[in-house]
Structure formats: structure tokens, C-alpha cells
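Working notes, beginning with the structure itself.
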Amino acid sequence: MSGHPDGTGRTPGATLPSVTERDGTTKESGDARTAPEPPCDSAARCDGTAASLGDYRAAFHAARHPMAVLNRDGLVLAANPAFGELVGAAPDDLVAATAADLTDLGADPRVWTAYREVLCGRSDRLRCTRRLKQSDGNSVWVEVTVEPVADGPAGGEERVLLSVSDISDRHDLLARLRHLQMHDPVTRLPNRALFFERLAAALETAAFEPAGTGRIGLCYLDLDGFKAVNDTLGHRVGDRLLSAVAQRLTRCAESAADRGPGRGGHLVARLGGDEFALLVEDSTGTDQVAELAQCVLDALQRPFDLAGQRLSVSASIGVVERAASGTTATGLMQAADTTLYWAKEDGKARWTLFDPERNAHRMTRQALSSTLRPAVDRGEFTLEYQPLVGLGDGRAQGVEALVRWRHPQFGVLSPNRFIALAEENGAIVELGRWVLERACYQARAWQLAHPGGQPLFVSVNVAVRQVWDSDLVADVAGILAETGLPPRLLQLELTESAVMGSAGRPLQALQALSDMGVRIAIDDFGTGYSNLAYLSRLPVSVLKLDGSFVHGFRSQEHPNPADEMIVEALVALAHRLGLTVTAECVESAEQAERLRRIGCDTGQGWLYSRPVAPDRVEALLDAGRACG
Ligand code: C2E
Ligand code: MG
Ligand code: MG
């Protein structure tokens, strides 16, 4: 380990003797005072060809730069008057003093280590910035350089030169520039850059300093409807409002910090536009940060008087509080951003607390949604089939194709997890086409494998977006032609809401499909408008009664006559209108028997079979198709 804060290497030219070699009279650098004519040292020749030891000594004394020669233990051997002036002591009194104490090299562990490395000869130079308190109470910013004296006395102890330059002016200028760079001119609050710097430092401190709580909290705030203020009243009023909001936030943060146990005040920053952040270092739990958020909402509730304009605003706040270890600035901000979005979504003018479960759900939704399309190409979907059974004879007449996603990360997912997402992002078109094709191939394969018997039809679910966003009629026609499946062996299930009010394209599509010989079924009937009169005018031939009706049948001991009467009436009406009826979710023999008595045509449910892989359907066909 070099121990160098700046990583620089040895620079022999900076040591005392070689400095004077550059200029025998003016000594050291341009700002060094001209030394008085040095007296001739008896030990050196005074012939003008080389500087004598006396020259060096005089230069050392006259130099404006504070300098001290140290031994390898860091004790002062000699100090020049400038150094004495800097530390407020006579140079002679400084002999044997500890140089590190005089120049504050011990306060920062990293500086201290680097300094020790130079003293013991393992490193060539230390250069660091220190702030020194002077005897008059003022402080100066200095740059301290420590490096070995290359040409120490022959055979004698090696020396180290410590030199100091006053950089207060430069430091002040840089500090002013940095302030400008790190603050927002409108509100005078720390800006985004400073906020992230402080956040990173806070996370580091909290993770490595056991004294604090090891936690961090953040309120991420966005004004509701600020754009309207800017648009209607102009940017000047908008800026004034932001500045007034900043003042109220600062007051909240100050009073919360006065009350709370944490270290120092809470940082309030403007992250841009109408977004602000309040950072709570060493937070004590969600309650503390939520209390701060509530205080901010209360403070913003009072209207603002801005040069004759009376304005009211509200804000939405995302609140995140967590252990600092394992938390990154990016992770914290992402959580805050999501939570702020929830606060807006939940109705604005409120604070919302980060909820890991809600977030996991969102992340999963996002992950699923974005990988749906590629998953179709990668062949991650499979179909299971569930028999549709004649209630009279208990024989399977058809099967419903139900899609599953074999997700490489989340395992097998049921359609309830992804069909709605696929409808939202349009992937349902590709997925639906794949399901249709796969199911038709399968049904045709069963038909060919059992040429003697009554073939099974396949019922395929179709989402409304497939009707709108793709040419369903052409797809179905193409797939039937390609697979050789007779149209009468295909049934398409659409939900009631998908066909309700359908005019134009969907209606034409349904009509064309029906004309082709494909059967149309209304899925989950009874959960929507249940408008049979309307449905009878559509080219629909099957009603699939929603499972809730059958659930309502209850057991023999607790019959629910109303449900049974409704189903009875529905079945009768459907039959009068030329529709056949399938009951979903038939789970018990008792339910099946009552449905049969009522006149229901087919049933589907666990009583007969769960949805199964195609080879299990094959076994069913081989066994003569009797279910249950
Ligand atoms: P659905 O069309 O009403 O399908 C019937 C659902 O009821 C299936 O759920 C099935 O597993 C379940 N089920 C069957 N028998 C019983 C029973 O006796 N009791 C109970 N409690 N449930 C039973 P699954 O497979 O999870 O499918 C859910 C829904 O996802 C389907 O409801 C359908 O709307 C949709 N879906 C499935 N596959 C596709 C597809 O390929 N495309 C489209 N667009 N939607 C699909
Ligand atoms: Mg269905
Ligand atoms: Mg259904």
C-alpha cells in the first residue's frame, strides 16, 4: 500500500537542496522573498560557483512558505519564521514539537497513515489539504506537503521537509463555485447533484458507522397540478410558488430534526421541476418519516400569498424507510419513485408508504408483461385440455384448451396471471394465434388417431383484442386449412362483455366464423349483462354458465333454491332460443345430477377431470370417453 492520498510518486526536485539549485539567490519559488545576502559559511566555499550551506539556511529562513525540517519520528528539527507565524510560536520554540499536531495531520486516519508512510520511507510524498485554526481564532485552508529531503547529511539521520501553502483564497473561490453548482437558484435549496452526493455519503456512513441507527428515510414529493400554475399564471409565479414551498419544507425539516433523535438536520433538496426530497439520516423507523411527510402535507395546506395571488397547492409524497446496509442510492430512489407514483394513483394529496409486496407484484407484472412476446417464440407456453361432458351419458364430447406458461423463473403460471397482461400489451394476438393453431393440430391428431368414433371438438378461448387487432377470420380459416380440422370440431369461446354491443367488425367476424361452420360459445355467462335477448340475435350457439351458479347450488342440506331456479329458467330460455348450455365448475356428482335434471346439456369441472396434458386426453379416448 503506497499510502498516498493523491498517488503521486517521488519528486526529488521538490526537496530543499534541489530547489535552491534552480536559483542560487531568489531561492525556492517565485513568491519566495529575496533572501538577504547570506553570510559566508565557513564549512562551504564562497566562490559563487555553488551555494553554501549558509545560503540554504538563509533561504529557509527567508522563505515566505512555512517550512519545517523533521526527523523520521515527525519531530521538528528546524522551523522557519513563516512556519512559526502560521502556528503562532517562535521557530526555536517549535524544535522537538510534533509536526503532525501543528498541522492537523492526525485527525483524518487516511492522512495520518499516508504521513506515517512518508516518515518511515515507504512513500515519497504526502500532499493534503487541512484547515488550521490560528491563534486569533480564524482558520486558514492550507496545502501541506511532506517529502523526504533527498540529500540528507552524509551518514546522518534522514530528514523530511514539511511545507505549507496558504490556499484559503483558492479554497473560498472553489467553495463559492461549488455552492453555485450544487444549489438551485430558484429555491436556494441543494440541487439534485448535491442531494445524490449527500445520499451516497449518508448510506456509506450509516453502513459503516455503528453509532447511528443504520437506517435511512426519504420523502419524495411532487406538487399536484403544478403545471397548471405555470401554464395559467406564468413561470414567475411558478418560481415564487416553488420558492415558498421550499421555505415551508425547510421549516418542516428543521422542526422535525429538533424533535427527532437523528444526527443533524434533514436535507431538503429540489430534484428538478416540482420535485423535492427530504432525506432523513439515521431514521428511527417508518413512523418518523411518515410523520415528516404528514407535517409537509399539513404545511402545504395553507394557501400561499404570492404578490397578490392567493394559491393553493397539494402534494403527493412517496415515503421510503429502510436499513442502509444493502441499500443503494439508485434502489432507494427507484422505490421512492414507485411509491410517489402510487400516491398519485391513489388519489394525490397524500403520502404513501413503500410496500414491498405491492412492489413485487408490480415488478412481476412488468417482468411478465415484457417477456410475453419472446416467450411465445421460445415455446414456453403449453396447453392443457379439460373435457366437456354430456350430462345425459357422461361421455366427453369435446375439450376446452387452457393455456399455461412454463416460466423459466416463476414456474408454471395459470392464465389468470398473464392473459390480462397479454391483452393490455397486445401480445394476446400472437399468443392467441399460437393457442388456436396448437389446439387445432391436437384435435385433428385425436380425430385421425380414432377414426371410428365420434370425434372430440376443441373449444378455444378468444380474447376480444384478437377480434379487433388481428384478422381472426383469416387466421381461423388458414389454421383449419393447414391442420385439416373440420370447422364443426372447433368452438370459440368469447366472453359476454366481448360480444356485447358488438357491431361492425366483431359482429362481421362472428358471422363469418359461424358461416364457416365454427361454433361460437359465450364464456362465463351470467357475470355480465346476461342479455339473452341480445345474444340470441348474434351467431352464438352455446352458453357456458359461469361457475358461480353451480357453486350456488350448495349441498342437499343447504339448498339455495334461488340459484337453481335461475339456472332452470336460463336453460329453458336458452333452449327456446336454440342455444345449448354448458355448466362450468361442476365439482360434485350431486351438482351434476341437479344440472342434468334441470336440462343442462354439458358440464365441465373437476368432477370429470382437471385440465390435463394431451396424452391424458388420449387415454380418455382410448377408454371410451366415459368421464366421472
Ligand atoms: P375459463 O375459460 O372459464 O376456463 C375455465 C377455468 O375454470 C379454468 O381455469 C379451469 O381450470 C377452471 N375450472 C375447471 N373446472 C373447475 C372446477 O370444477 N372448479 C373450479 N373452481 N375451477 C374449475 P384456468 O385454466 O385457470 O383458466 C382461467 C381463465 O383463463 C379461463 O377461464 C379463460 O378465461 C382464460 N384462458 C385460459 N386459456 C386461455 C387462452 O388460451 N386464451 C384466452 N384468451 N384466455 C384463456
Ligand atoms: Mg373458457
Ligand atoms: Mg369460463
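Glycine too: its Cβ is placed from the backbone N, Cα and C atoms.
Feature annotation from TrEMBL assigns region 'Disordered' to 1-43.
Residues annotated as compositional bias 'Basic and acidic residues' in TrEMBL: 20-31.
The feature domain 'PAS' is assigned by TrEMBL to 52-95.
If you look up TrEMBL, you'll see 126-179 marked as domain 'PAC'.
Across the domain 'GGDEF' (214-356), DSSP classifies residues as 67 helix, 42 strand, 34 coil. For 214-356, the entry in TrEMBL reads domain 'GGDEF'.
What TrEMBL lists as domain 'EAL' is 365-625.
In the domain 'PAS' (52-95), the DSSP tally of helix, strand and coil residues is 21 helix, 9 strand, 14 coil. When the domain 'PAC' (126-179) is classified with DSSP, helix, strand and coil residues number 12 helix, 25 strand, 17 coil.
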